[in-house]
């Protein structure tokens, strides 16, 4: 019996596998919830549809797709991938697509922040929906080409097996994954370092800062707000690098390791996978915490919801009180009309010259406090 079969028959391995299914299920569910909240918040409130927030919206959709289309079929339901037919053949590529998309979205955020700080006037002119759409289409196109490259050049889709590479060599497929993880990790790192180094150089250089204020015609307060937003986005990109780097480095180590018994390495890789995929849970939470507009809008929604709930508890009491007041006012008015009618009738019986006097005329007469002349 092989080592892998012996390992899978052990009780601790079966228990660990069950815990892995449960953990990935929790990660996938929480990812869908948090990213759906962020998506609805930006899509519903028009003032949040800035260029940076639109990129965050697209990133949230990518995280939702990663959870639903990859995490659930691959890691949550046991033996489900083998029953998906042709979809099982592209399951790994779909996961690669969304992971690369998240990485490229961070690159787009870094470029957007650098452009906003270094060229504020041009940024205001070019931060339109058309330019944002072109930027996001470029991000998704690059992620699609990188994720589905094995389908184009290394593999073919069949109904018989989940992974059916061409019978040329498996080395090309392993080489592809090394290149893929290298791009996913180092692309946002290099672009982030380049963009933020340029930003810091422009701000800290006295000559460049003087030229900046002369040419940009924006206030120092606005500049500090942009710098604060840029720093916050850098923290979120750093969180992506910190959570995904151990998993990618361990993946490189296993791919280059020639040892026969890699059970311990696979266990470590699985734990690091939990850490890496947990980033898509905290990504919208970090955005909501650091970005002021999103944070204030979210707090306003929560307050409105609480006021609505509290108003529902007090509405019945308020309605009852308003009903009592309305009834008392109506009864008072009706009593006044009856009294005025009786008084007018008695006056007309005493002096026939006045004729019949309506209650309205009587009230007007009393208000005006004028005496009517007798009719001849």
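Any Cβ shown, glycine's included, is placed from N, Cα and C.
Just so you know, TrEMBL annotations never went through curation; they're auto-generated.
TrEMBL lists 344-353 (among others) with the feature compositional bias 'Basic and acidic residues'.
The feature compositional bias 'Polar residues' is assigned by TrEMBL to 356-365.
Residues annotated as compositional bias 'Basic and acidic residues' in TrEMBL: 366-376 (among others).
Per-residue pLDDT, averaged over the domain 'G-protein coupled receptors family 1 profile' (34-287), rounds to 79. The annotation domain 'G-protein coupled receptors family 1 profile' is assigned in TrEMBL to 34-287.
The annotation region 'Disordered' is assigned in TrEMBL to 343-376.
Packing against the transmembrane segment (20-42) from elsewhere in the chain are residues 48-49, 53-54, 56-57, 60-61, 63-64, 66-68, 71-72, 75-78, 270, 274, 277-278, 280-285, 287-288, 294, 297-298, 301: each is 6 or more residues past its ends and has a CB under 8 Å from a CB in it. What TrEMBL lists as transmembrane segment is 20-42 (among others).
The transmembrane segment annotation in TrEMBL covers 54-73 (among others). Listed as Cβ neighbours of the transmembrane segment (54-73) (distance under 8 Å, sequence separation of 6 or more from its ends, same chain) are residues 24-25, 27-29, 31-32, 35-36, 38-39, 42-43, 80-81, 84, 87, 91, 94-95, 98-99, 101-102, 105-106, 108-109, 112, 129, 132, 135-136, 139-140, 277, 280, 283-284, 287, 291.
What TrEMBL records for 132-154 (among others) is transmembrane segment.
Within its own chain, the transmembrane segment (174-201) is flanked in space by residues 96, 99-100, 103-104, 106-107, 110-111, 113-114, 117-118, 146-147, 149-150, 154, 208, 227, 230, 234, 237, 240-241, 244-245, 248, 251-252, 255, which lie at least six positions past its ends and keep a Cβ under 8 Å from the stretch. Here TrEMBL flags 174-201 (among others) as transmembrane segment.
Annotated transmembrane segment per TrEMBL: 230-254 (among others), in sequence order.
Long-range Cβ contacts of the transmembrane segment (266-286) within its own chain (Cβ-Cβ under 8 Å, at least 6 residues beyond either end) map to 16, 20, 23-24, 27, 30-31, 34-35, 37-38, 56, 59-60, 63, 66-67, 71, 102, 235-236, 239-240, 243-244, 246-248, 250-251, 254. Here TrEMBL flags 266-286 (among others) as transmembrane segment.
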